[in-house]
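These come from Swiss-Prot:
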- 44: site 'Part of a proton relay during catalysis' (SITE)
- 45, 204: pyruvate binding site (BINDING)
- 49: site 'L-lysine inhibitor binding' (SITE)
- 56: site 'L-lysine inhibitor binding' (SITE)
- 80: site 'L-lysine inhibitor binding' (SITE)
- 84: site 'L-lysine inhibitor binding' (SITE)
- 106: site 'L-lysine inhibitor binding' (SITE)
- 107: site 'Part of a proton relay during catalysis' (SITE)
- 133: active site, proton donor/acceptor (ACT_SITE)
- 162: active site, schiff-base intermediate with substrate (ACT_SITE)
């Protein structure tokens with residue numbers, strides 16, 4: 001259903017801090033032209049925590065409008081408030097999204113039973129396929145493979161996971177708990193090669209914002225079983241995977257885009273639009289290593 005390279009899209013801002021709809025639409029068009037296999041608006045990389053509800057909904061709508069069914073749109077619809085998650089999910093469904101990305105509730109640290117109840121409530125409120133977003137480093141809660149399996153058995157529209165645990169053995173554990181048809185997408189660019197080798201089928205990628213064609217070709221090689229070719233792409237992309245996260249958040253990604261495509265580097269507070277000189281130098285070197293900048 002969903003596979004390959006699926007960028008977790010940035011949300012561009014203007015100099016005055018508002019959402020730059022023209023730049024976002026152009027970014028979506030470029031992603032599709034470069035071979036991306038799907039799109040995820042308003043996830044972590046889209047700075048969803050600092051978007052208003054109206055902005056969140058508008059970015060989802062715009063992504064769907066521009067994509068025009070050429071590639072699937074998996075709309076970010078997560079919250080640590082169950083009612084709010086349902087509201088965002090219903091809006092994405094009405095707007096025409098193809099699926100939902102629903103993050104595990106962050107900060108309030110629900111139990112496994114609480115996670116089951118939260119995702120069950122969202123699944124029962126919508127008809128769209130749901131991809132669970134499990135990211136313990138940010139949400140401070142880790143959905144177990146057993147809870148995931150119970151959700152899959154209880155709700156036919158819970159169909160996959162974006163796994164950002166960094167634990168490659170989870171792919172096998174989740175396949176056992178959730179079944180062979182459960183869609184497993186890596187949430188970490190650097191470990192996507194190993195993730196697919198364990199049975200994953202793609203990556204919801206940050207680096208694909210900057211290198212969509214390379215990331216798409218990397219995933220295509222793996223899905224074709226050509227791991228020797230995939231390893232060449234891995235070596236070409238790995239410095240970039242690392243460099244854009246030398247400082248937290250999406251600042252590094254937006255800096256890289258400013259160098260390759262002239263994008264606005266602005267992020268919303270409390271993130272910082274400026275980077276340390278050493279970070280900029282590392283990103284520049286990584287872009288050159290990947291063949292994306294002279």
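Quick reminder: no glycine exception, Cβ is built from N, Cα and C everywhere.
Not measured: the values here are computed from a predicted model.
Positions of the features from Swiss-Prot, shown on the structure.
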residue	record	contacts (Cβ under 8 Å, 6+ apart)
44	site 'Part of a proton relay during catalysis'	8, 103, 135, 138, 250
45	pyruvate binding site	8, 9, 10, 206, 209, 250, 253
49	site 'L-lysine inhibitor binding'	none
80	site 'L-lysine inhibitor binding'	105, 106, 107, 108
84	site 'L-lysine inhibitor binding'	none
133	active site, proton donor/acceptor	43, 78, 101, 102, 103, 104, 161, 162, 164, 187
204	pyruvate binding site	6, 7, 8, 40, 43, 74, 101, 162, 185, 186, 187
Densest Cβ neighbourhood among 106, 107 (recorded sites), 10 Å radius: 106
Tertiary neighbours of residue 56 (site 'L-lysine inhibitor binding') (same chain, Cβ under 8 Å, six or more apart): 42, 48, 76, 88
DSSP three-state assignment (helix, strand or coil) for residue 56 (site 'L-lysine inhibitor binding'): helix
For the residue listed as 'active site, schiff-base intermediate with substrate': DSSP state (helix, strand, coil): strand
Packing count at the residue listed as 'active site, schiff-base intermediate with substrate' (other Cβ atoms within 10 Å of its Cβ): 27
